[in-house]
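**Student:** Features from Swiss-Prot:
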- H46, S63, Y142, M143, N144, S163, H258, P259, E260, T275: iminosuccinate binding site (BINDING)
- C109, C232, C324: [4Fe-4S] cluster binding site (BINDING)
Amino acid sequence: MEVASAVAEPDACSLDHYLSLPDHSMDERIAAARARLGASTVLLGHHYQRDEVVRFADFTGDSYKLSKIAAETEAKYVVFCGVHFMAESADVLGRSEQHVILPDLNAGCSMADMAEISQVEACWETLLGAGLGAEQVMPLTYMNSTAAIKAFCGERGGLVCTSSNARKAFEWAFARAEKILFLPDQHLGRNTAFAMGIGLDEMVVFDPWQIGGGVPAEKLRAAKVILWKGHCSVHQRFLPEHVDRVRAKYEGIRVVVHPECRWEVCQKADALGSTERIIAEVEEAPEGTMFAIGTEIHLVNRLAKRFAPLGKKIITLDDTGCLCTTMYRISPQHLAWALENLLEGRVVNQIKVTDEVKHWARVALDRMLEIRG
């Protein structure tokens, strides 16, 4: 009777082999591989990446900053420690001979997944069927969307935005059309429009899972902003009572949140802005300032550690901690695997957008980069 069988050791170049190794054994290997690759490779790290990964990045930033770097870099290989839509955008903006690598292909984005191209196309037909002319509505998508959604917007005269330039994108769109269809984050769209003086009663939420988006045709025709029913799973967890709680507990605390948070949370905050803006808020504050920050926990913890010696105390707005699990998927093992394969001449996990989609997605992204000012 067979009571045991041999288990084959994973190939030394396989991802399974790397995943079987401890974190601490990756540091020297990543550093050595990075050094050997030199200027041929650039490592981009989003602010929400775990510390063990982001410390190896050549550049860190929000999605806007990293998209600009991706468009400008001369490196042949772009290793993007972020999520899938970011790597897609880097491929769209990069040169044809560049290779964009996402260390873990499972690093996706739940918000981006909330707007499928077939749903957006059906929404557009619903708007036209409600009596709106194509020239009346400007499709505008948040960076946190697939390349196909970006291409959809680009082909119809629209553009992409990030949380750091959303207002400029809205102004650009309203200079050319009466209405905006904003994809896929309802909260960023609502907060941006409201800050521009557009009332909540001038916005509607289009639910792709309901017939006609769940909005009567007359309300679609009356709305200035049509918001897609999508959200960030991390930022939606922050609630108005979290703001009330920290204010009651810490006198004089400054509450700063990301505009992907609910409108009710943003209205109670002292300031809201992109991750780059949040960092600047902390940098510019005087010694002794205390912050409660409503964004992903890795960035909050990193800021707390960085500014503690400068007399600034930073806590998360929700003390249960809000982790972006898809960002967290990229581990030191994934990064080491991708880099060491490059040393052997193997490009793994390359993100490649089709030429047709790339053309119109680039149009939309270029419009975003041009309006930054």
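Glycine residues also receive a Cβ, built from the backbone N, Cα and C atoms like all the rest.
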**Student:** Using C-alpha atoms only, work out the spacing between Y142 (iminosuccinate binding site) and C232 ([4Fe-4S] cluster binding site) and round it to an integer in Å.
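**Tutor:** That separation, Cα to Cα, works out to 11 Å.
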**Student:** C232 ([4Fe-4S] cluster binding site): which of the binding-site residues H46, N144, E260 is the nearest Cα neighbour?
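**Tutor:** Nearest by Cα distance to C232 ([4Fe-4S] cluster binding site): E260.
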**Student:** Which residues does C324 ([4Fe-4S] cluster binding site) neighbour through Cβ under 8 Å, counting only same-chain ones at least six apart?
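**Tutor:** Residues satisfying the criterion: Y48, V234, E296, H298.
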**Student:** Around the [4Fe-4S] cluster site formed by C109, C232, C324, list the extra residues of the same chain whose Cβ is within 8 Å of the site's Cβ centroid.
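**Tutor:** Close Cβ neighbours, site residues excluded: Y48, V83, S110, M111, N144, S233, V234, H235, E296, T326, M327.
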**Student:** Might you list, by sequence position, any residue in that chain lying six or more from C109 ([4Fe-4S] cluster binding site) with a Cβ less than 8 Å away from its Cβ?
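**Tutor:** Long-range Cβ contacts: V83, H84, F85, N144, T326.
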**Student:** Report the same-chain neighbours of H258 (iminosuccinate binding site): residues 6+ apart in sequence with Cβ closer than 8 Å to its Cβ, ordered by sequence.
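**Tutor:** Those within reach of H258 (iminosuccinate binding site), by Cβ under 8 Å and sequence separation of 6 or more, are S163, H235, L272, G273, S274, T275, I278, G294, T295.
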**Student:** Across all chains shown, how many C-beta atoms besides its own are within 10 angstroms of the C-beta of Y142 (iminosuccinate binding site)?
**Tutor:** 29
**Student:** Including all protein chains displayed, how many Cβ atoms other than that of E260 (iminosuccinate binding site) lie within 10 Å of its Cβ?
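**Tutor:** The answer is 28 other Cβ atoms.
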